[in-house]
Structures are given as structure tokens and as C-alpha cells.
Amino acid sequence: MKSTFGLLALAAAAKLVSAHATVHAVWINDVDQGAGNSADGYIRTPPNNSPITDVTSADMTCNVNGKNSVAKTLSVKAGDKVTFEWHHDSRSASDDIIASSHMGPVMVYMAPTEKGTAGNGWVKIAEEGYSNGKWAVANLIANKGKHSITVPDVPAGEYLLRPEIIALHEGNRQGGAQFYMECVQVKVTSAGTKTLPAGVSIPGAYKATDPGVLFDMYNSFTSYPIPGPAVWDGSSSGSSGSSDSSPATTAPEASVTSAPTKQGSADTSASPTTFVTATKPTTTAAPAAPPASTGSNSGSGSSGSGSASGSVKIYQQCGGKNYSGATSCEAGLTCKEWNPYYHQCLKA
């Protein structure tokens, strides 16, 4: 009998581990940089894919062993698209990314390497929460573990990019939310003029009782408050403040031309979700329990456009199939077509 219980416990533990995720690779402008999750790679990778659940732990910064640098640093420049590729086990096409029960937001932070390693200077540059009946993690799974950001116009130097998932399937109890994060080493080679704000400390940016951390995703709710600071708009130099109770706009599926991949990499036919965020429109009402991902991505995040009249602000949607909002961008912006379903206002 004891043996049976032991086997059941081991099976349950194995199932839990298999549901977790880490970042395995990065793409720059749709070019695969190869696996980066090793000591000779470019991702500060933890020894396993277990989550961090104590928001006061030093491991919140870059995960376990995250203070240790790795061999490589990726070169990027302002305006480059950086795509993070998450998996729970491997880059194989059959990998399920993360358990479908692990719904929650996806965010990206950036900090100068020295300050970031010490847990300071973290600036949120992208986030996606819950919108139009789907969680950010559902979109991530549909996109085969990929989501993207645009490198801001910051001064040249070495930085850390910190993609993060908060899984809320146990978020209805204090200490139940699961945090997954790694730090990617990058070197910005362009001479930008927009200095990052002072940022926040991690640990320190979250509390166990924050509404977006202690959150019951199984009860009826009308909005999800993404925790942490507000997203930096990429131009101001002020301090990152606290985020409000609505998820930020996130550009849906970006059009991607698959680049040659290194041997053993996963199928790259899915297009990553592109996060380019500036403002936070109000989220729509959510059902008591979020629907499961269908495996296709028809948009990740609110359009943020409001009504069909008026000028559309930077980084918000301005066109695309089935889109009925405003199509005229504010002065100095142009409506860029990412794919037939999503057009976005960007600097001309």
C-alpha cells in the first residue's frame, strides 16, 4: 500500500513538473539565435523549470542562479524585434509549452545588466493580461511559445531582458501564484537617447496580496489588474509608476517569415505575439472560468482603439480584417500592417 501511494505521489510530482516552462531560445528580427538555455548560451537558465512562489525571494530577479552571467550576449539595436520562445521540455514541435491550466499574464522587463543583476532598475516594457475572452498564456500556447517585443531606443550598453509568466491556477490563495522568468543577456549597439526610467526593484515590485497576484480566476470577474509597474511608453524618462487595473494593449499575431533554424529547433510556422505597449484600455467582462485555448490566435489583447472615430494613439490598432475601430493615426504616426488582421500606429 505504501508503495502504491509512493508511486502515485511521484506520478503527481512528475505531472506538475511537466506543466512548467522556461525560455529556451530567442529570435532577433525572425532569425533564430539557437538554443540559449545553457551555461554556454545567452539565457541565465535555472537548474529546472519549477516556478518561484515567494515574491520576496531573491530568485524573483532572474530565477535560481540568475545572478550568474552566461557565456554569450546577443547584439541588438533599437527597433529590433526580439522574440522569446518558451517551452516546458524541449523545442520539439510536439512540446505543449506550458499546461493549459496555467493561465495568467505575460510581461517583459528590461534593466541595465549590472543594476538588473542586483535586483534594481527594472522597467516594464510590455505586458498582456486578459482580453476578449483569452488570457495571455492562451495566446502564448497558440503561438507555440513565442511572444515579441521591440527594443526601445535606449543608449548603447549591456542590458537584461526579463520575460515573465504569472500562472494563476492556484492564485486564489496567498502564495499560490507561480512566477516563471529568465534573464536574457543583450548588448544594445545603437546609440539611443531615451534613458530608461529608474524602474523598480525585483523582488519588491510585487506583493503576495496584490490584486493581480492573489486572484481567483475561477470566480466571476470584470477585469484583471496586471501587477507591477506601468509599462514605460518608451519616450518619457520619469519613474515607472504602479499599473492600473486594466491590461495593456498588445499587438496580436505578427507576420513572420520563418528563418533557417539550427538543427533540432522547433517548428516555427506559428507567428509570435508582438508586445508593443503604451496605454491601458479597459478590459471587457470575463467569464467565471477562462476558455481553453483553441490552438489558433485571432488576436492577443484589446484593440485599444475605442470607437470608430478619433485619432489612434501610438502602438494601438488602426486596421485589419473584422476591425471596426478608428483608422486614422495621430499626427506623426503611420498605420503599419503587421498582417491582414492587425494594423498598428507607429512612428512614421
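Note: Cβ is positioned from N, Cα and C throughout, glycine not excepted.
Annotated features, as they stand in Swiss-Prot:
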- H20, H102, Y180: Cu(2+) binding site (BINDING)
- H169: O2 binding site (BINDING)
- 234-261: compositional bias 'Low complexity' (COMPBIAS)
- 271-306: compositional bias 'Low complexity' (COMPBIAS)
- C62-C183: disulfide bond (DISULFID)
- 310-346: domain 'CBM1' (DOMAIN)
- N322: N-linked glycosylation site (CARBOHYD)
- 233-306: region 'Disordered' (REGION)
- 1-19: signal peptide (SIGNAL)
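Where Swiss-Prot records a feature, it is marked here on the structure.
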| residue | record | CB count, 10 Å |
| --- | --- | --- |
| H20 | Cu(2+) binding site | 19 |
| C62 | disulfide bond | 25 |
| H102 | Cu(2+) binding site | 25 |
| H169 | O2 binding site | 18 |
| Y180 | Cu(2+) binding site | 26 |
| C183 | disulfide bond | 27 |
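Cβ proximity to the Cu(2+) site centre (mean Cβ of H20, H102, Y180, cutoff 8 Å) flags the following additional same-chain residues: A19, A21, N49, P51, H88, I98, A99, I165, A167, Q178. Nearest by CA distance to H20 (Cu(2+) binding site), out of the recorded positions C62, H169, C183, is H169. Taking H102 (Cu(2+) binding site) as the reference point, the recorded positions whose C-alpha atoms are within 10 Å of its C-alpha, out of C62, H169, C183, are H169. Each residue contributes its Cα atom, and for C62 (disulfide bond) and Y180 (Cu(2+) binding site) these two points are 9 Å apart.
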